[in-house]
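According to TrEMBL, the features are:
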- 17-75: domain 'Tyrosine-protein phosphatase' (DOMAIN)
- 17-66: domain 'Tyrosine specific protein phosphatases' (DOMAIN)
- 108-294: domain 'Tyrosine-protein phosphatase' (DOMAIN)
Amino acid sequence: MEEEWLRDATRPASIASNGGGRSGAFLALDANLELLQRTGQLDVYEYGRTLANSRQHLVDTVDQYMFIYDVLCEAVLCSLQPIGMHQLKNRSGMYKARKDRELMEVQDSHENKLLLMLTAPLRIGDCAGGHRLENRGKNRDVMVVPPDHARPYLQTLHGESKDYTYINAVEVDGFTRKSEFIVTEWPKVPTLDSFWTLVFDHNVHTVICLTNQPTDIKQYPQFVHNKGKRNYGPFTVEIVNYQQYPGLQSHMVKISKRVTCIRFPVVLDGDKRIILRITDDFQVVVYDGNSEQWAMLRADENTELDLSTITVRGISETFGHNWHRFSAIESKLSIFADGEICVFKVLWDGKHHFYSFTVSLERKSY
């Protein structure tokens, strides 16, 4: 349902796909909430009759009628008033006096019970990603695992895990935007790279840490330094500015992604176990099944192919709640092999360039 408030009129317009069903539920909720605010009473049935007499199918199903009751029930239970900015200082200052602190703890406990009561419990299958064997070591607590539908998926390949997409984090809606915040735990030593991958992949501009650096560095490693550059997986984090304030530290950082090339092997001859591979430093190596050794090949002086201009980042493997997907990542290179002869297809400026790539095992050249 989309809601549009008309600027030049005194009445709101409710817009749905066909003007019924969801619009009626919205109108019933709006009218009853206004009635509740003015008189302290609700009358779902009577307003339902008004809607039915106005137009057919404005409340179209029993589920929609039950939805109206459920939302109004939450409104009555959670009759909590928002805290104004001018009141925030006084509320936080209630912790200073014991009597006020006890009163505030009672209020917080009541709100917490309401949240637990109104929050649908998660099933084991909802958090399947966090319970996968390769991801269990990435969680600090096996009982604190994000649901798959609400966790941010990592995109940059890093580390040695089979599932590069997982980090123990959840996306949280704000008042004005969906998935406005990301909440994550203090990274472990094996997940430091994942933390900075999260920052980079999801365009995180501000990181707020609500915990001081623990003394146990092994269990709670430092994830941001105070000076210079440091590498975290495929990323280089440079400290642009660092300030120390009373009770607060501020880091301004610059994150850059290093060019990494995860090269895939190409089988030239399966019977003889001859395999071609391009290394991270753009060297060509061939595995000879007879000698069971890798041999580095040099470029022939007449070749026009410059492998250093081709970035191949491999294959992305993505896991969802009910699906599993493979896709190529920003690869400008395709290789077609037949025996010791390969064809390299390189995409430049929207054009496909083909190179005949011939390997000579005797001369150890290409």
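In case you wondered, yes, glycine gets a Cβ from its N, Cα and C as well.
Secondary structure counts, DSSP: the domain 'Tyrosine-protein phosphatase' (17-75) has 43 helix, 0 strand, 16 coil. Per-residue pLDDT, averaged along the domain 'Tyrosine-protein phosphatase' (17-75), amounts to 84 for this model.
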